[in-house]
Each structure stands twice: as structure tokens, then as C-alpha cells.
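Here's what Swiss-Prot has on this protein:
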type	residues	note
BINDING	N10, E381	Mg(2+) binding site
BINDING	K17, H204, L205, G206, N207, G208, D279, M280, R281, G327, I328, G329, E330, N331	ATP binding site
BINDING	R87	substrate binding site
ACT_SITE	D144	active site, proton donor/acceptor
SITE	H176	site 'Transition state stabilizer'
SITE	R237	site 'Transition state stabilizer'
Amino acid sequence: MPSRNILVINCGSSSIKFALVNEAHSLFPLHGLAERLGSRDAVLRWKRGGDSDSLMIPNADHRAALAQLLPMVQNAAGGKLHGIGHRVVHGGELFTHATRLDGRVIEAIRATAPLAPLHNPANLQGIEAAMTLFPGLPHVAVFDTAFHQSLPEHAYRYALPEALYREHGVRRYGFHGTSHRYVSHRAAEMAGLAVGDSSWLSAHLGNGSSTCAIVNGQSLDTSMGLTPLEGLVMGTRSGDVDPNLHSHLARTLGWSLERIDSMLNNESGLLGLSNLSNDMRTLEQEREQGHPGAALAIEVFCYRLAKSLAAMSCALPQLDGVIFTGGIGENSPLVRAKTVAHLRLFDLRLDQEANARCVRGVAGPIQATGHPRVLVIPTNEERQIALDTLALLD
């Protein structure tokens, strides 16, 4: 049987990330980004093989951008497209696995929008546009939260009145599940272990970051919570702060809830600490030039990351290794070294040459000889979404 092609779509409020995934090949035949949708500057950019190109699509919405994309996808797939996988950020407690999309599922995703007001409505825009343009193809939703539905109750419940959970779904959900699942499977493969008999601490580090405790292929704890704001220091998100900060700022500065939410999500994290940038690459360069804010932001980021990994270890029966992934995790030897240095009680130590070598897509072990595994594994959420989609077509 010839190998199958899946189009993977990830829709933001004004963007669409897309990748054509062939089950038999590691490289994407076609991938790209439509951005600034709804504006005069809307543009579609793509790469096919070694070639890059772009097309201005003024005022295009999600449907118009996907319509422009359709002939490119069909051409790159040789006329054989077998399904479409959609990334959906929040599935609440309703979805524990990838799910074939139909009217009932779409309404259930819509019902979870209050849990992810910035993400789920945008995801739905893409789903509805794609289902209109590709009516004859199977469509599958893959949820960021689904992998974490295996968390035990003592890990996902907040110490709040029970009615808030029972009536309003206030609990920890976790995110980046597709990435954590993908890299934990790759880690077991690299280590020669069975997925069902392995335990990992995973750190997905990018503009959004989270840690995860993974035992026998299941998530048992994770750092993000009800929303992606909980947990680690991130690019522009604060991560954990005193829960009373909202009332303190409202009382002393007169800030509204909207102003506080915007500050915590868009003005904090690495950007807030450094007063410079949310980009770790920029901060590392400025740190070398003696910028105190950049140095502080990196120190806080790594210390908080190490604290979270240590906390996640409570869910593990043994430690088979620590995984670094995501844009920062895959490309910052400095962050990996500083984080591991804080975890000396775990007897972790890095091989400096191996750590320096694992950047720009290079995977591998970076631990010193005789010490517990530390692995750098490039994530591939698009391939995992495609595999989940294919599994429902079999």
C-alpha cells in the first residue's frame, strides 16, 4: 500500500501553521505559515523541498488562506491527500484521545472555549473552514490537553471548593501534551527501553514552556494548569505567582482584571525580567555583553525550570532520563547546563562537548559518562498529529 499523506493545520487567531506529512518520510514535502490574516498585510509563506516562496493575500481570512493553500497541498501530495489533522489546544475533560470531527465534536470544542478563549475559537475557525473546503476528507482533532487526562486526581485538583471543579471544571489540565508524548516515545526508542516500562522528566521549552512527568507512556503530572499561564517562567508569561497578586494590584494600583491578565500573559516572563526581550537567543547574546537584566532572566528561568523538574520527580518510580525539547530546549546549551547544575542531587552531569553539539536539530544524549541520561530530542508535533490522524483512519 502506498504511503499516506496528512495535512496538519494549527490555527491561531490571525495565522495558520501547516505541514504536509507523509507517513514514510521524516521531512515534510510542504510546510509553511499564513500570517496577519484579516489585514492588508496577510501573507502565505511556504517551503517545498529546498525552495521557499510567498504570496500576498490581502484581507484573506482563514478560509481564503486555506483555499490558496489547497492546490499546493494537492500538488505536493501527488493528488493523494488522505486526511487532515487539526491541533486543538483545549479538550477539557471530554477528550482523552484524538477524535474524528463531526458536528457533535465541534459543539463540544465550542463548549470548552471559556477554558481557552484565545485558542479554541481560532482552532474552530480553521476546522470549519477546512471542513468546508475539504468535505470529502476525514478530519481529526488532536488535543494538547488529551495526554494529561491520565493525571491522577491528587495531581490535577486545586485545593479550592469542590463545587468549582464539579460545576465549572476548575482543575489542572496541562498543555504541550502532543510534544511531551512524542519526545517520551523517542526517548524510549533512543535508550532501548519499552515505552510501557520507562520513566521520564520532559521539559518543553519555547515561548511557552512546561515540564511533564511521564511514566510508562502516561502523563502523571505537568506544570501548566487550568491555563497555559501556570508553571514555568516563559517568554512573556510570568508562570507561577502569588495567587493574591491580582487583588494586590487591583487594590494598590487600581488595575483592572483585564490589565493584570494582559501583564501576566504578555509583559512578564523573560521579557519582564530582562526589560529587553522574550527571545532566549537575544538574552544569551546580551548576557555575554554584560546586560544585567538578560543575565537575571536566564538565571530565574533555569532555576525555576530545575525546581519544576525536581517537583515532577515525585511522580516517578525511577528516573530513566531528562528530556530537553522545544526551541530553547533543543538549541540552548547554556540553559541545559545551568538547569542540570541545579539538579545535582539527582547526580546529573553533562558532557560539555555533547551538550554544545546538540543544537539545530541534532538529537542525542548529552550526559557525562556514568551519570543518568539527559537527552536532547527535537519535537515534531506535526508528525505526532499526523500519526494520531492516521491511527483513526486505519
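Glycine too: its Cβ is placed from the backbone N, Cα and C atoms.
Annotated features, which come from Swiss-Prot, shown on the structure.
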residue : record                             : Cβ within 10 Å
N10     : Mg(2+) binding site                : 22
K17     : ATP binding site                   : 18
R87     : substrate binding site             : 22
H176    : site 'Transition state stabilizer' : 30
L205    : ATP binding site                   : 27
N207    : ATP binding site                   : 17
D279    : ATP binding site                   : 16
R281    : ATP binding site                   : 12
I328    : ATP binding site                   : 26
E381    : Mg(2+) binding site                : 25
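Among the recorded positions D144, E330, the residue whose Cβ has the fewest other Cβ atoms within 10 Å is E330. Overall, the recorded ATP-binding residues K17, H204, L205, G206, N207, G208, D279, M280, R281, G327, I328, G329, E330, N331 cover a maximum inter-Cα distance of 23 Å. The recorded positions listed here (N10, R87, H176, N207, R281, I328) include R87, H176 as those with a Cα within 10 A of the Cα of D144 (active site, proton donor/acceptor). Neighbour count (other Cβ atoms within 10 Å of the Cβ, all protein chains): 26 for R237 (site 'Transition state stabilizer').
Recorded residues K17 (ATP binding site) and N10 (Mg(2+) binding site) have their alpha carbons 5 Å apart, per Cα-Cα distance.
DSSP assigns D279 (ATP binding site) to coil in the three-state reduction, outside any helix or strand.
Checking the recorded positions (R87, H176, N207, E330) against E381 (Mg(2+) binding site) with a 10 Å Cα-Cα cut-off leaves R87, H176.
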